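As structure tokens, the structure follows; a few thoughts come after it.
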Amino acid sequence: MSMSMQIMPSWPISRRLREILERDLVKNTILGIIVLNAIVLGLGTSSIVSERVGPLLDIIDWIVVVAFTVEIVAKLIAYGPSFFRSPWNIFDLVIVIASHFPQSDGVKALRGLRVIRALRLLSIVPQMQSVVRALLDALPGMAAVMVLLSIVYYVFAVITTVLYGDTFPQWFGSLGASLYTLFQIMTLESWSMGIVRPVMEEHPRAWIVFVPFIVMTAFAVLNLFIGLLVNTMQAAVEAEAEREADALRETLDAQTAQITALTEEVRRLAERGGRHG
């Protein structure tokens, strides 16, 4: 984890702890503990597993809490006020503090949020970083698609409420009910036998409404989302490749400049030696 070097403690122990915390072995160990914590929390939700190995899970959970506490204390000493500049650090601190409270219902729910620490795995897997970056870059385009989808939903919800609200009030009796039913149809979950065919028994031409809705939402909009993600991911990969190429070019330019300077220095020394000789 990179920290700003400003307002960092200059004590020898702080510098030493920073060096230790920045080591790959330590980072991988912490991430391994995070994964172990997530697994233990998942196993703890099973009543069968809890009955059989509940005490063992409690011991592992205690060890994990101790490890998290040591990590947080070490970071506080190593980074000082800079520790609080990272939202992840603040989140970890809150979770560790909550881990030491009695397991009341509210605190227990907060302790369960420690599984979110597994998301820190994203920071060490380049492929995951590319996917996350693509998702974030695609958000503006997704917002436009969501607006379009909302308009389509609203139009068809009004149409179905007016046309089928009296006949099938359980599905289209209100605007909210129509929106929920159309969402079920869009997901293609029991849309034909469960909803559309019963409606068509009373309204034979209802397919004129439902088929265009399914085509526009389940297929067209989904393809738009996929297209946005593919384009942004490709752009992110190309941008990363360009950054790496620029960094390599800068390194080569710096090395070339150093070689040129050394060559010039050798030439001057040779000329000076020739004059003295």
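Every residue gets a Cβ built from N, Cα and C, even glycine.
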*Among 25-47, 94-116, find the range that TrEMBL records as transmembrane segment.*
25-47
*asked:* Using Cβ atoms and a strict cutoff of less than 8 Å, what residues sit near the transmembrane segment (142-164) while being 6 or more residues removed from its termini?
replied: 171-175, 177-179, 181-183, 199, 202-203, 206, 209, 213, 216-217, 221, 224-225, 228
_Cβ contacts under 8 Å made by the transmembrane segment (59-78) with residues that lie 6+ beyond its boundaries_ = 9, 13-14, 17-18, 20-21, 30, 33, 36-37, 40-41, 44, 89, 92-93, 95-96, 99-100, 114
